[in-house]
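A quick write-up on the structure given underneath.
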Amino acid sequence: MKIFYDENIPYAKEFFSDFGELVPFAGRELSAEQIKEADVLLVRSITKVNEQLLHLNTSLKFVGTATIGFDHVDQNYLKQRGVVFTNAPGCNAISVAEYVLSALMVMVERLDFDLKTKTIGIVGAGNTGTRLSEKLDAFGINYLLCDPLLEKAGDSRTFSSLKEILGCDIISLHVPITQKGDHRTFHMFDDLLLSELSNQQILINSCRGEVINNQALLQLKKSQKGPHIILDVWENEPNVLTELIPYCEITTAHIAGYSLEGKARGTEMLYQALSKLVNKPIEKQLEQFLPKAEIEYGNQHSQNELFSVKQRVFDVYDVRRDDKIFREQLNIKSFDYLRKNYPVRREFSALELSVQQCWPDTLKNLGFNVKD
Ligand SMILES: NC(=O)C1=CN([C@@H]2O[C@H](COP(=O)(O)OP(=O)(O)OC[C@H]3O[C@@H](n4cnc5c(N)ncnc54)[C@H](O)[C@@H]3O)[C@@H](O)[C@H]2O)C=CC1
Ligand SMILES: O=C(O)C(=O)[C@H](O)COP(=O)(O)O
């Protein structure tokens, strides 16, 4: 079996070497000629999987994307060809939620507000929106959920309309990109909707760049209006609207989901799906490969819950590191380079904390590994 895999899929060799011959490729450069003999294709979000890529191939049986999003895959085409397809739902949802939490802590420091007095509007209550809501619950922060599709499907949570979300202090977007239908998300935040937001609000996009009309956002910010902006994702990646960067509070290179655990979980999920397809027993698990985390643990403790939690969040992940890299290096290195060479980042669960430390229950509920 010939398995072609994106070189940016961690632990691909560890998981897939028993299946056959492994051939790595650069995600944006893969050609139809190159993969004409592939039996299995493992991609990330930057490879467009469609007829153009696959028309020379007659042997393909399985395509997997080690990502949550699958807008880069023409599923109808794969179906017609009888090729099995899977994505990795939820693989990096914790990572995205922790990115948002870290960004919120930065904004707390920068704008000096009490997070517990704010309401967060979560648009899209699927895997990432839900993980975020759980962390907000753990910390006692108010939020509203907006997800008309889940609401219609009978999800038992309480939902709000987009109009209600627009009144929230902070808005965090967690929807897939969709181009049509009643609930399409392409340019969901267009000039009209953006102009309804005040300069007291915070808007966070860590789902897909095209959910916000970036040009409209730029024009609004240029007129010194509009909310504080945190952008991990951009329209037209990798060619981002660099003019927008100085108007944003936090900017990163589509890395919200790039915790080591999040990326590696994606690989593990593809391993499980391929094993099932070829009737191979599941013999490997992610925990075998993940290194022990080397996280320097600060010694600031406080009876103040917000202060304590902020320190522990920053011990594991301070999004300002990635914002700095992005602002300083985007002109020198490419967007893709920054993503491919992303420094190791772990999830809260990688930090072992003693129960003796302040606010152990809050930290445990936020996902830290609090040992009795
Ligand atoms: N920045 C990053 O590194 C990452 C970005 N993503 C992006 O985030 C998106 C969301 O991820 P998940 O939560 O895991 O996906 P999911 O599929 O579990 O949840 C998405 C939710 O959005 C809802 N939705 C769709 N249209 C909507 C609308 N118009 N208004 C409100 N809700 C709507 C759906 O009903 C669904 O419940 C992915 O599709 C992907 O594009 C995902 C992981 C990492
Ligand atoms: O899972 C998703 O969806 C994401 O957005 C991933 O973080 C994308 O990562 P790459 O596939 O672009 O490396």
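Here, residue 1 is simply the first one shown, and the rest follow in order.
For all residues, glycine too, the Cβ spot is worked out from N, Cα and C.
TrEMBL: automatically predicted annotations, no manual curation.
Just so it is clear, the model here is predicted, and its values are computed rather than measured.
According to TrEMBL, the residue from Ser45, Ser59, Ser275 that belongs to the substrate site alongside Thr67, Tyr258 is Ser45. Take the NAD(+) site that TrEMBL assigns to Asp147, Asp232: the candidate from Gly167, Gly257, Gly262 listed for it is Gly257.
DSSP assigns Arg208 (active site) to coil in the three-state reduction, outside any helix or strand. Residues Asp147, Asp232, Gly257, taken from the recorded positions Ser45, Asp147, Asp232, Glu237, Gly257, are distinguished by a CB atom under 6 angstroms from ligand 1.
Listed in sequence order, Thr67, Ile68, Cys91, Asn92, Ala93, Ser95, Val96, Tyr99, Lys263 are the same-chain residues six or more apart from Gly257 (NAD(+) binding site) with CB atoms under 8 A from its CB. The number of other Cβ atoms within 10 Å of the Cβ belonging to Asp147 (NAD(+) binding site), over all protein chains shown, comes to 22. Residues from the recorded positions list (Ser45, Thr67, Asp147, Arg208) with a C-beta closer than 6 Å to any atom of ligand 2: Ser45, Thr67. When other Cβ atoms within 10 Å of the Cβ of Tyr258 (substrate binding site) are tallied across all protein chains shown, the result is 22. Put simply, Asp232 is the one of the recorded positions Ser45, Asp147, Arg208, Asp232, Glu237 whose Cα lies nearest to the Cα of His254 (active site, proton donor).
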